[in-house]
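Please read the structure below before turning to the comments.
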2 protein chains.
Amino acid sequence: MAAPPAEFALIARHFLPLAGPEALGLADDAALLDPPLGRQLVLAADAMVAGVHFLPGDPPETIGRKLLRVNLSDLAAMGATPLGYLMTTALPRDLPPGWLAGFVAGLAEDQRQFGLSVLGGDTVSTPGPISLSLTILGTVAPGAALRRAGARPGDEIWVSGTIGDGALGLRVLQGHLPADAEGHLARRYRLPEPRLALGAALAGHARAAMDVSDGLVQDCGHLCRAAGCGAVIQADAVPLSPAARALVMADPALLPLALAGGDDYELLFAAPPGAGIAALAAPTGIPVTRIGQFTEGPAEVLVQGPEGAPMALPVGGWSHF
Amino acid sequence: MAAPPAEFALIARHFLPLAGPEALGLADDAALLDPPLGRQLVLAADAMVAGVHFLPGDPPETIGRKLLRVNLSDLAAMGATPLGYLMTTALPRDLPPGWLAGFVAGLAEDQRQFGLSVLGGDTVSTPGPISLSLTILGTVAPGAALRRAGARPGDEIWVSGTIGDGALGLRVLQGHLPADAEGHLARRYRLPEPRLALGAALAGHARAAMDVSDGLVQDCGHLCRAAGCGAVIQADAVPLSPAARALVMADPALLPLALAGGDDYELLFAAPPGAGIAALAAPTGIPVTRIGQFTEGPAEVLVQGPEGAPMALPVGGWSHF
């Protein structure tokens, strides 16, 4: 009988410390989980490929965290609470020394921060770039999940946090834009902040919600199509971080990129006037800003520039194909 | 507002027809699922990369099915019933025309055969080879799941179906071995048969179980290590298909490959003598064969050749690293 091959040693060394008790030591064919009583399951999956979703030079500590956070952001958009995740990694054989240890250390930190652990997964080799896939499980009270459909004409459009940091941060890391002194934009690209507490607070109050991944304007269009209504966004109401604002002030042509560039992972949601959104959000400490209104009419998003005229948005969001 | 990019059209055209009602039209941030009452959840994930887990020339119809069946085989090994799955696909931009339609058509056929549907997923582009990841959900009665640990010295070793077809089929497809007239070996490599009915029948009866993916001998070693006992397998008791037997008769050096080559996806399990395994299996129509015995001693697998002498097994199973 040959010794267990390197694959098992790798899993035991790196992934076993991430595993919760339901993972059965990552030594069985599957995980076993008692679903929390009286809750619905919420399930999402995202994939990331080196050179497409993260930069080959990104610190390994942030890469797994970004994948986990992108999935946690999907839970936040549904108003759900995290339960656990499964992850598959396709890794080249010539990974730099220490890469996997850093990758796992970042995940461990986020597991502590967000209160979940690995349930299972698979580790394989690839002749291509690093390819990662993560499936997340969460739970929500029955019927309380936030959905994309549900906005009505007259509802207010709200967004959490600040918009554009991720898209600008990517350009900073690519060397196309100057970095801010605190590294805020690059950090926001690498480590999105899933708005779990806000999503939970909005469940039962917001009429529709999603997270902003493809770009604010394109994603607002998704809410419009799901609801069969239009939307007007006031560009100067869209919250920008100080670092993003400084770039846009220096070059106003960057504003469309901020509004349509994507990688924000903020919550975008609809609420009727008087829903008390600011008061609901206050205990979470997550800023929320009203940026426009849903309207009667076709499923189109009109962005009004600072002078009230429609803004041209040449960037149509990010598409893989 | 730009039209939805090609990615959404691709998902709507190809993946939406695979989606169950819990997938919410693949239009929300996550799926919503009421977990079946009084059942435990069983969760597994597997990844496949072109050129590593399947051949670039494999028909697209079989590739998604193989990934699904490999995961279904993990459920079978736990005695679980399928509930649904999430899948991520990283696809090159230069896929041959019709590839994706064939890939999805194969999945649709297996969804019907095994009674499950897509809950969610993600589709991204990659500059590398096709990379697929699938997370499967199943359920099992509380406490009834089959586990890898639990074999005891004196327990019989059983295996379902036939062993070696997958490993030999791969060599046939690679042109290293002659094909059988019916294409049995190639088909077994491309389309493993998850033994769901047998796994369910064994729950509560077998003491330990797993599916054979890395090779019969290596996987039997996993059962030994989990239980802290040894095992003896009689090589000539291991069931071979007529096509595999013909190859081994022509070249006895192929027997170790059959026993240790992997890609079988048969169930390997431990049962005490007199457990009535044959009677339990009979209603499923899945053949089962007793191939040896667990023993006192270190966690090693001894394979006795046709003359009773220990067989040398130069192939130590498949390792990715």
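Each Cβ is built from the backbone N, Cα and C atoms, and glycine gets one as well.
Here is what TrEMBL says about this protein:
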BINDING   B:ASP29, B:ASP74, B:ASP211  Mg(2+) 3 binding site
BINDING   B:ASP29, B:ASP74  Mg(2+) 4 binding site
BINDING   B:ASP46, B:ASP122  Mg(2+) 1 binding site
BINDING   B:ASP46, B:ASP74  Mg(2+) 2 binding site
BINDING   B:HIS53, B:ASP263, B:TRP318  substrate binding site
BINDING   B:GLY121, B:ASP122, B:ARG148, B:SER213  ATP binding site
BINDING   B:ASP214  Mg(2+) 5 binding site
DOMAIN    B:28-140  domain 'PurM-like N-terminal'
DOMAIN    B:152-301  domain 'PurM-like C-terminal'
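What TrEMBL annotates, mapped onto the structure for a quick look.
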residue: B:ASP46; record: Mg(2+) 1 binding site; DSSP (3 states): strand
residue: B:HIS53; record: substrate binding site; DSSP (3 states): coil
residue: B:ASP74; record: Mg(2+) 3 binding site; DSSP (3 states): helix
residue: B:GLY121; record: ATP binding site; DSSP (3 states): strand
residue: B:ARG148; record: ATP binding site; DSSP (3 states): coil
residue: B:ASP211; record: Mg(2+) 3 binding site; DSSP (3 states): strand
residue: B:ASP263; record: substrate binding site; DSSP (3 states): coil
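Averaged across the domain 'PurM-like C-terminal' (B:152-301), pLDDT in this predicted model comes to 96. When secondary structure is read from DSSP and collapsed to three states, B:ASP29 (Mg(2+) 3 binding site) falls in the coil class.
Each residue contributes its Cα atom, and for B:SER213 (ATP binding site) and B:ASP263 (substrate binding site) these two points are 5 Å apart. B:ASP263 (substrate binding site) has B:ASP214 as its nearest neighbour among the binding-site residues B:ASP122, B:ARG148, B:ASP214, going by CA to CA distance. By a Cβ separation below 8 angstroms, chain A lies close to these of the binding-site residues B:ASP46, B:SER213, B:ASP263: B:ASP46. When Cβ atoms from all protein chains are considered, those within 10 Å of B:ASP263 (substrate binding site) total 23, not counting its own. Rounded to a whole value, the Cα-Cα separation of B:ASP46 (Mg(2+) 1 binding site) and B:ASP211 (Mg(2+) 3 binding site) is 13 Å. Within the same chain, residues at least six positions away from B:ASP122 (Mg(2+) 1 binding site) with a Cβ under 8 Å of its Cβ are B:THR88, B:THR89.
In the structure as shown, the Cβ atom of B:ASP46 (Mg(2+) 1 binding site) sits within 10 Å of 25 other Cβ atoms. Cβ-based neighbour count (10 Å, all protein chains) for B:HIS53 (substrate binding site) stands at 24. Cα of B:ASP29 (Mg(2+) 3 binding site) to Cα of B:GLY121 (ATP binding site): a distance of 10 Å.
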